[in-house]
Every structure is written in structure tokens, then in C-alpha cells.
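What Swiss-Prot says about this protein:
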- CYS79: active site, nucleophile (ACT_SITE)
- HIS181: active site (ACT_SITE)
- GLU183: active site (ACT_SITE)
- 1-206: domain 'Glutamine amidotransferase type-1' (DOMAIN)
Amino acid sequence: MIVIIDYDTGNTKSISKALDFIGLQNKISSDKTEIAQADGVILPGVGAYPEAMQELTRRGLDKTLKEIATAGKPILGVCLGMQLLLESSNEHSYTKGLGLIPGHVEMLPDESEFAVPHMGWNQLQIKRTTPLTQNIAGEYVYYVHSYYANCPEAYIIATSGYSIDIPGMINNGNIYGAQFHPEKSGQIGLEILKGFKEVIRSCKSSQQ
């Protein structure tokens, strides 16, 4: 069972439908016990970083996520959920993140030929093969964001060209992040979610 974390700031239902489509049993929950017992979790997110992090902390889910990461269970952050995995953000004001992947969230450069927010389809360039990227090569995915993950190159597994090379996917051990929306990216998004399903299966096998 995989849990999609519900903290009133994410597109949980569309992610759940995508997981149903690939045959991955899932549940939307904000219950800390259910989340801790899950085989893997997805952290969605839309909106502003400070409010999202505040809500996670208020519910005690920041500690739960860190415990899950320490236990080696897979985590996938989507859009703002990916950004929350990093150490901090300067959106509106400095805010500490979960610190599960090194890096800092910054606003995209405001240049006349590159609109902010970055919205729509953009090509994904694979930098490192992982279970989530092994079946994709140069396809297009769907983005909606104004901030990006400024993190060390070693943790970036895919990028998309814009005013800068945007880290489209990041990874640290069993922790993954997608800046774009896999659940809105058609077949390629489903392939990425299938890759996360494989990570969960592999982790369960190794823990038995």
C-alpha cells in the first residue's frame, strides 16, 4: 500500500487515479500511523512553500516523513512536494524544508523571453538512469511552477531547458522528486510512476 499524503495543499485525487491506472494500490491519508506503515509515500503539493511547510509541521508530518526516509522507504515528491524535500526556500521568506535532498528553492529568472510561471509542456533530458527514468528518453512532461530546485548536480537525474536548465527530477537514495506533474503528463508520466512502483517493490523485497 502506498499513501498519498493529504495536507490540504495537493492534487491528491488526480495522483490517486494515475496510480489506480497502473495497478498500484493507494490511499489518500493524513493519518501519521497509516503514513508510517505505508510501503511508500507520495508528497504532492500546489501553492506556496511557507504555508505548505507550516501545514506539514502543524500536523507532525515533517517528522513522519523524516522517519520514513531514515527507514529507507521510498518517497516521491511532486511539484511543490518535490521542493519541500530540499533544505530550504526563499519563496516570500526564508523557510526551512525537510532537508532530505541537498539544495535550496529559488525563483526562476524573470526574463522577457521566458515567462514566469513556467507553464506547459517541456522536454525532459535524462542525466542519470534510475528506475524512474530508465524507460524514458527526451519525452515531454507538463510543468506549472515559478520556483525551482537549485541543488548539486549529483542529485539531478533529469532537466528541462528554459531560462536555466531546470532540475525536472532529483534523487537521493530512495527519495525522488519530480518538478513536473507525472499525473498530468500522459503515458510518459505513467511510466515514471511505474518506475516508482518498481522502487517500492524492490525495497519491500530487500526488507523481507
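Just so it is clear, glycine is given a Cβ too, placed from its N, Cα and C backbone atoms.
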Neighbour tally for the residue listed as 'active site, nucleophile', based on other Cβ positions within 10 Å of its Cβ: 25
Rounded inter-Cα distance in Å - GLU183 (active site), CYS79 (active site, nucleophile): 11
HIS181 (active site) CB neighbourhood, other CB atoms within 10 A: 21
Inter-residue Cα distance where the pair is HIS181 (active site) and the residue listed as 'active site, nucleophile', in Å: 6
Neighbour count (Cβ, 10 Å) for GLU183 (active site): 26
